[in-house]
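Peer 1: One structure is given below, represented as C-alpha cells, and several questions about it will come after.
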C-alpha cells in the first residue's frame, strides 16, 4: 500500500480528541484506558468505542473468521487502502457506528449517507480521497524539516503498528480492522444493559495481547466517550436548579452543595486537561529547526560550540564505559 499523502500521526488522546473536532464532530473526546476491567465504573460517561494500537504481525492474524460485510449492513466497515491512515480510519469506524444521539456534523453525516451503499473497498477509497479527513489527519503530523527521498519500504521497517476499533451494535461487539475482509465478532452483550459491552470486550482484548506471549508490551488502548466537560457542566446546572428550590438550612441542600463542589473541581481538572492538550498539539506542529540552527550559530560566534561538542562526546564515552562496566560486574 502507498501512503497517498497521508502522514503518520501520534497515538495520543489529545491528538485524537482534536482530530474528532476537526472533522466536525462535537460532544465527544478520547481518553487513554489503563485498566479496561474497571474502566466502565470510572468512565462516568457513555462509551462509544475503543481504539486499540498494537504491533502488527501478519502471522498472528489467522484463525478469526470475518463476517461477510453485506451480512451486517448497519455496521459501517471500510477497508484500509493506503498506509498511515489507520489511526483516522479506526476513529471513523467508531464515529460512523455511533448511535443517532451522537451529532456527527454536516460533513460526516453527508459522508455516511453518501457511502452507505458502498462496499468496504469503495468506502476505504472514499475516506482516503476525502480532503476534509486527510487535511484534518495531516494537520497533526509532526513538523519534519528533512525530506527522505529514499524512504525505507514498510516491509523493511523493524516495527509496524496498527489500529483497530471495537464497537457495540445490537448486542454484538465487533472488531473493525481495515486489513480484514469484514467485521470480526469479538463478543456479545445484553442490549438491556448497553454499557455492559465494555466488560464483555475484556476477554477479546486480553486474547489479542496474549497472542504475543509476553514478547511485546507496547499496546495502547483509548476510549471514544461523551465529553466529560459537557457532562459536568450539565450536572452542575442541574444541581444548582435543585438547590434553588431548597431552604438554606435544608440538609438535602447541603448534600447537593457538596456534590456541586466535587463536580466543579472535576470541571476545573477537565479544563486544565483541555488546555494541556492544546499546548501539546501546538508543540507537535511547531518546527523547531530555525531556533536550533540560530542557537548553534550564536554558540559558534561566542566560541562555546566546540567546547560543548567536545564535552558531549566525552560524556557519551563515559556513559558507554559505565554501562559496560556495570554489565560486566
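Placed from the backbone N, Cα and C atoms, the Cβ positions cover glycine too.
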Peer 1: Which range is it, out of 166-193, 194-221, 222-249, that shows up in TrEMBL as coiled coil?
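Peer 2: Spelled out, TrEMBL records coiled coil over residues 222-249, not the other listed ranges.
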Peer 1: Reported as an integer number of Å, what is the Cα distance between residue 177 (site 'Important for enzyme activity') and residue 80 (site 'Transition state stabilizer')?
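Peer 2: About 8 Å separate the Cα atoms of these two residues.
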Peer 1: Quick one: give me the count of other CB atoms within 10 A of the CB of residue 80 (site 'Transition state stabilizer').
Peer 2: 22
Peer 1: Roughly how many Å lie between the Cα atoms of residue 86 (active site, nucleophile) and residue 80 (site 'Transition state stabilizer'), rounded to a whole value?
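Peer 2: That comes out at 7 Å between the alpha carbons.
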Peer 1: Among the recorded positions 86, 162, 177, whose Cβ has the fewest other Cβ atoms within 10 Å?
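Peer 2: Taking 86, 162, 177 as the recorded positions, the minimal 10 Å Cβ count falls on 162.
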